[in-house]
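S.K.: Have a look at this one.
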Amino acid sequence: MVPPKLHVLFCLCGCLAVVYPFDWQYINPVAHMKSSAWVNKIQVLMAAASFGQTKIPRGNGPYSVGCTDLMFDHTNKGTFLRLYYPSQDNDRLDTLWIPNKEYFWGLSKFLGTHWLMGNILRLLFGSMTTPANWNSPLRPGEKYPLVVFSHGLGAFRTLYSAIGIDLASHGFIVAAVEHRDRSASATYYFKDQSAAEIGDKSWLYLRTLKQEEETHIRNEQVRQRAKECSQALSLILDIDHGKPVKNALDLKFDMEQLKDSIDREKIAVIGHSFGGATVIQTLSEDQRFRCGIALDAWMFPLGDEVYSRIPQPLFFINSEYFQYPANIIKMKKCYSPDKERKMITIRGSVHQNFADFTFATGKIIGHMLKLKGDIDSNVAIDLSNKASLAFLQKHLGLHKDFDQWDCLIEGDDENLIPGTNINTTNQHIMLQNSSGIEKYN
């Protein structure tokens, strides 16, 4: 879910070369990482190359948005998620976007770069916040529909806040799962209760696969991811029922306020890329999810048996520049005359238009790193979010005004393509090469 490795290296090493054009081999990186002047030069350089907004957008709905982290069961078999929800308090501090240095180290590992790259990323983005009120109380007096969200390969629970915040601002509770299948750049757990009590984290980093492992391991991972989505749903419904559940994280958020807060008949699953495949796997296994939305799904991890086992409505929202024939053909395997299936493509969009990194840089660097497409990032995410809301209203039976965007589900907008821009008529196209990595997420 992060940009191609060579583009990142070119950009960031170029930044360093401008700041320190001479005697690079003699620089002590640790000493210079601690230099505020060095940091300021890098940040100024990045800003000068940005020429645009670099903030994650606020939700467009009428609700104030709160945010907290929940870990149920401190082990790596438990559930870890970031929760976005309608809030009654708008005076809290914004939420830190990437909360631990280890996540930046995980991103550098995913990029296949030196650990120093993680520290550079931390310097550039470590203080960035999202417009959600940290640990704010839940807005009482309503039962809210629930969305479980699944992140892409190399991502983690915090990197889709623009989607989570917008849904919460329209009256949803959103549980963004952090997967423990080692497809996240990084995640953590506690080895035992005493470690949890003192905050002694044990970190899991992305698993690097050999080519011959791809098919088997990716399928194992998508199955685990689906179970983690279902497990997250079960635990939230337990809390909604009033079951006492201890948050392994020492946070000032009273989970009892979630009691009787969920509309248990209005539950959906959404995911991006590897998370899009997770949506499909989850729908095939858990009928409690009434519908699903797959954002630029990466279909390779799914087994062939899944496609005929999805009775729920399913909506594919694709980017223009990521998709390819083999992937679209697999999406169309989900189609059946008696099942609700929709697909649209956002013109001028790239794979990263669905993730927060598209808002973390301005135009020039954003295009260099393929974090931004030809379409404005705010326009792209707005189209995706509005189309999602219209689909959710239709299939969850919501009494809202989201049907004003029903036309988007059909691709009726100048920035949308109904269906796909990909030609799949050439049947000689090989559906997937032996490694399955011709289009990574």
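Yeah, the Cβs are placed from backbone N, Cα and C, and that goes for glycine too.
Note that the structure is predicted; figures quoted are calculated from it, not measured.
What Swiss-Prot lists as signal peptide is 1-21. Feature annotation from Swiss-Prot assigns active site, nucleophile to Ser273. As annotated by Swiss-Prot, active site, charge relay system applies to Asp296, His351, with the evidence given as experimental evidence. According to Swiss-Prot, the N-linked glycosylation site annotation covers Asn423, Asn433.
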S.K.: Considering Cα atoms only, can you say which of Ser273, Asp296, His351 is the nearest neighbour of Asn423 (N-linked glycosylation site) among these active-site residues?
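M.R.: Ranked by Cα distance from Asn423 (N-linked glycosylation site), first place goes to Asp296.
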S.K.: Where does His351 (active site, charge relay system) sit in DSSP terms: helix, strand, or coil?
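M.R.: It is helical.
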S.K.: How big is the Cα-to-Cα gap, in Å, between Asp296 (active site, charge relay system) and His351 (active site, charge relay system)?
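M.R.: Approximately 7 Å lies between the Cα of Asp296 (active site, charge relay system) and that of His351 (active site, charge relay system).
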S.K.: What whole-number Å value do you get for the CA-CA distance of His351 (active site, charge relay system) and the residue listed as 'active site, nucleophile'?
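M.R.: If we compare the Cα positions of His351 (active site, charge relay system) and the residue listed as 'active site, nucleophile', the gap is 8 Å.
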S.K.: Name the residue among the recorded positions Ser273, Asn423 whose Cβ has the smallest number of other Cβ atoms within 10 Å.
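M.R.: Selected from the recorded positions Ser273, Asn423 on minimum Cβ neighbours within 10 Å: Asn423.
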S.K.: Near Asp296 (active site, charge relay system), how many other Cβ atoms are within 10 Å of its Cβ?
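M.R.: Its Cβ has 31 other Cβ atoms within 10 Å.
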